[in-house]
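Residues or ranges marked as active site, nucleophile by TrEMBL: A:Asp53. TrEMBL lists A:Tyr111 with the feature substrate binding site. Residues or ranges marked as domain 'Pseudouridine synthase I TruA alpha/beta' in TrEMBL: A:8-104, A:144-246.
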Protein chains: 2
Amino acid sequence: MKRMKAKIAYDGSGFAGYQIQPEARTVQQELMAVLQNIHKGEVIQVIASGRTDAKVHATGQVIHFDTPLSIPVSGWLKALNVLLPEDIRVLEIAEAEPGFHARYHTIGKTYRYKWDRSPIISPFTRHQMVHTKQRPDVGKMREAAAAFIGTHDFSSFCAANTGVVDKVRTIRRLDFEEHGEELHMVIEGSGFLYNMVRIIAGTLMEVGLGRREAAELREIIRSADRGAAGKTAAAHGLYLEHVEYEN
Amino acid sequence: MKRMKAKIAYDGSGFAGYQIQPEARTVQQELMAVLQNIHKGEVIQVIASGRTDAKVHATGQVIHFDTPLSIPVSGWLKALNVLLPEDIRVLEIAEAEPGFHARYHTIGKTYRYKWDRSPIISPFTRHQMVHTKQRPDVGKMREAAAAFIGTHDFSSFCAANTGVVDKVRTIRRLDFEEHGEELHMVIEGSGFLYNMVRIIAGTLMEVGLGRREAAELREIIRSADRGAAGKTAAAHGLYLEHVEYEN
């Protein structure tokens, strides 16, 4: 038995999210269907670094699966990309180190959130960026972002009805990048609570649009109250970009 | 009665082409439905610079329509973009010069054809660029492109079963642009025959991939034989970028 580790990308537009569920198209279901096909009917479990919600994209999701087959790496890459639908691509695949686990061994993740600041939303990227009609003050967003860096209880930035008890996480980087009319928030941390990146993005955009002060952020974090933070930004602006593992 | 002229963009992925037809979603049908709504049930004819085929995109299609309404230009822009589906956007709108006709008064058009040269096709642009696995020799494509410049009978580069008699057209510009892994062909001319840009793109790509010699192109044009040219490149790489009018 070999454990294979793969880096995959997907356009979240056509999926009800990563995780398999009845009567919905999911990334996991498509991956498992193709692996079952390759394994002549045998069900092959696929483990990802974590779930992504409906409409959320990935450019660097990591998965693993176990296989009895001896196929060279280039063969795996080719077979999977031929059999998978075009909105999922396998970017890299390799035999994993012994004991590797895509979910349990993550030590960090990087997400990217994309806004389109064009006066008129582009019809070509409408499922891949969130349009902001009013032009945000990026300087203020950067100023407010500083409050997140470090280790904090992120209860204010977590969907209210989650079962997770320990809400302490570490944010190592939170940058804003401007690429023409695109505005990207890049956030790297030890791990993220449910909806955490989207609530951070939504709250920082409210600062950018002058609806909140940058100075409020530290108090919002301290309050440990979801009601104190801003709205959850839309799913289709979010990309899981990188998953980090110990090596 | 006022004649309004508008520049529009659309993602061709969700359309059976520009021109209205029964039981298919078309750009013209969406535009006319919205204008009928604005005009309280009155049918408003929409005239475009020309049709585009199913899956073909536009970043600068031009249309006109006549209206009895007195709405300021900013009101038109807002109303149309609120009512139209997000895969069609009105980029600019203005009152047209007297006698302006979006179709009859064109004196030139610019099209762009996009290929994606990434080793693995991006799941995000799969409907907006054509993937080429093998890396083309762009220098050879540029060399071959020179044969098209000027005024020629383009019978070799026209879908065989067209009703058009005069197949003489003038190509003023044919450039290749490289943007990272994207390869664009930009072609500007007096007008184009049915499928002409896609047959030129397909033939030049065959040169790029070493399946034809650049030197063959002059003879292919001279032969006035559709069978002598290459394959019609896929529709989803093509963009109508600009329509030129006398001013």
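All positions are counted from 1 along the displayed chain.
The backbone N, Cα and C atoms fix where each Cβ goes, glycine too.
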Sparsest Cβ environment (other Cβ within 10 Å) among recorded positions A:Asp53, A:Tyr111 belongs to A:Asp53
Within the predicted model, mean pLDDT of the domain 'Pseudouridine synthase I TruA alpha/beta' (A:144-246) = 95
Would you kindly give the Cα-Cα distance separating A:Tyr111 (substrate binding site) and A:Asp53 (active site, nucleophile), rounded to the nearest Å?
-> 13
Three-state composition of the domain 'Pseudouridine synthase I TruA alpha/beta' (A:144-246), taking helix and strand from DSSP = 37 helix, 32 strand, 34 coil
May I have the DSSP-based helix, strand and coil counts for the residues of the domain 'Pseudouridine synthase I TruA alpha/beta' (A:8-104)?
-> 26 helix, 24 strand, 47 coil
